[in-house]
Amino acid sequence: MAKFANYLMLFLLVASLVMLEAQSSDTIKVPDLGKRLLMNRDPNGIPCAESCVWIPCTITALMGCSCKNNVCYNNEL
């Protein structure tokens with residue numbers, strides 16, 4: 001029960017900070033952390049969580065991933 005209360009308080013704190021930020025500006029802006037998470041800094045594409053060192057992309061190939069530099073990447077954004 002204590003963990004739930006801690007998570008609930010953390011959620012309420014974050015929600016209130018987001019609400020204050022949204023009300024303080026006329027337009028809703030994406031925070032810097034959100035911009036960093038949305039930006040793709042890898043020139044190969046988005047990693048598909050599969051390597052292709054010994055065998056080609058098998059499971060993630062169904063999602064459009066291909067092998068580049070021994071890692072499966074998805075280039076469709």
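Placed from the backbone N, Cα and C atoms, the Cβ positions cover glycine too.
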Annotation match for methionine sulfoxide in Swiss-Prot, from MET39, MET63: MET63
Partner cysteine of CYS48 (disulphide bond, per Swiss-Prot) from CYS57, CYS65: CYS65
Among CYS48, MET63, CYS65, which are recorded positions, the residue with the most C-beta atoms within 10 angstroms of its C-beta: CYS65
MET63 (methionine sulfoxide) and CYS57 (disulfide bond), Cα-Cα, nearest whole angstrom: 10
For CYS52 (disulfide bond), the three-state class that DSSP assigns: coil
Nearest of the recorded positions (MET63, CYS65, CYS72) to CYS52 (disulfide bond) - Cα to Cα: CYS72
